[in-house]
């Protein structure tokens with residue numbers, strides 16, 4: 001049991017010094033009180049100013065205590081005033097029953113398999129300001145179980161070099177100053193899914209290149225996940241994705257509103273209403289929409305899912321990039337599960353997943369569920385200090401314990 005203590009109302013810094021980080025464990029009736037990140041605070045006040053007695057009769061001044069455990073009665077001195085706030089975080093997880101069919105898409109690991117069969121993912125994005133975004137999406141894909149990830153990022157500002165440095169396991173393709181799409185397009189035939197947008201920025205050069213890449217990907221029927229600034233880009237030309245049922249759009253609140261306005265303009269709708277996710281998906285020709293928020297709504301206009309499982313209250317930059325990487329990988333798995341199957345095998349798969357299930361929508365829904373669970377695990381261990389890297393490190397456990405356990409709760413391969 002432990003308490004996190006915040007000391008307030010500093011009078012001076014005699015005891016700590018002006019910038020000392022004070023960490024000390026105090027044992028009080030089997031409760032460990034952990035003092036963290038205390039600056040400019042006078043922790044002890046002597047009842048006697050005599051230097052010879054400065055270490056005697058010290059009184060611990062507790063201005064406020066926030067605890068994640070219930071304090072035992074009488075554990076603190078009766079002379080100490082404290083307020084407590086109980087907070088708990090259960091790490092249990094139960095896969096939603098309407099996702100059971102998704103397990104049919106998850107590839108089994110076999111010794112005869114070769115590299116690439118569990119997913120080859122492409123990520124196009126990054127800029128001088130946002131180097132981390134494509135890295136987060138790419139490394140999440142690898143941690144989830146994709147075999148190969150290609151990152152297409154600009155050389156300008158050292159973006160591509162920085163990503164290479166962050167992970168030698170990512171295959172990084174530096175783009176020239178014009179971000180020539182001809183550097184990317186030849187690789188599209190060798191990947192299963194292309195994620196466009198993480199950290200892309202809004203420069204005219206980046207957008208021009210992204211438009212050409214989207215067109216090329218659509219021409220070869222390549223599944224895509226569009227996130228971040230790629231969503232802003234298509235708001236200027238919705239025909240880039242309209243009617244393409246192999247694209248998943250993952251807007252946050254602001255991006256969703258922009259997409260809704262663009263769709264209404266395209267369809268001559270002058271109302272002030274924001275389109276529902278289902279109506280937006282239909283207006284764009286049944287693309288898959290993932291409306292991110294406190295409750296994620298996933299729909300292709302025909303079938304809809306909602307994900308309101310508890311994640312974490314902490315918000316840190318990069319969570320959307322993690323989600324894009326997870327959805328991209330799950331989408332690749334669904335597509336690969338359908339490839340090379342005989343008509344009899346496809347019929348059996350259709351029976352196991354259900355007649356009306358959308359592979360793309362299922363992948364997006366499963367991605368939302370998994371990322372929330374990973375965030376929950378990360379927050380349990382790191383609390384307020386949780387960063388995106390902590391969530392990524394929790395992805396493997398979220399996958400195994402959330403999705404890949406047998407009836408006895410044992411992890412499957």
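We number each residue from 1, going along the chain as drawn.
Cβ atoms here come from the backbone N, Cα and C positions, even for glycine.
Fair warning: this is a prediction, and the values are worked out from it, not measured in the lab.
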Same-site residue for (6S)-NADPHX (record: Swiss-Prot; known: 252, 253, 254, 255, 256, 257, 258, 321; options: 158, 199, 402): 199
Where residue 253 ((6S)-NADPHX binding site) sits in the secondary structure, as DSSP reduces it to three classes: helix
Residue 318 (ATP binding site), number of other Cβ atoms within 10 Å: 21
Maximal Cα-Cα distance (Å) across residues annotated as binding (6S)-NADPHX, namely 199, 252, 253, 254, 255, 256, 257, 258, 321: 20
Of the binding-site residues listed as 292, 294, 312, 314, 316, the one whose CA lies nearest the CA of residue 257 ((6S)-NADPHX binding site): 292
Winner by Cβ contact number (other Cβ atoms within 10 Å) across the binding-site residues 255, 296, 321: 321
Among 199, 320 [binding-site residues], residue with fewest other Cβ within 10 Å: 320
Listed binding-site residues among 292, 314, 318 whose Cα sits within 10 Å of residue 253 ((6S)-NADPHX binding site): 292
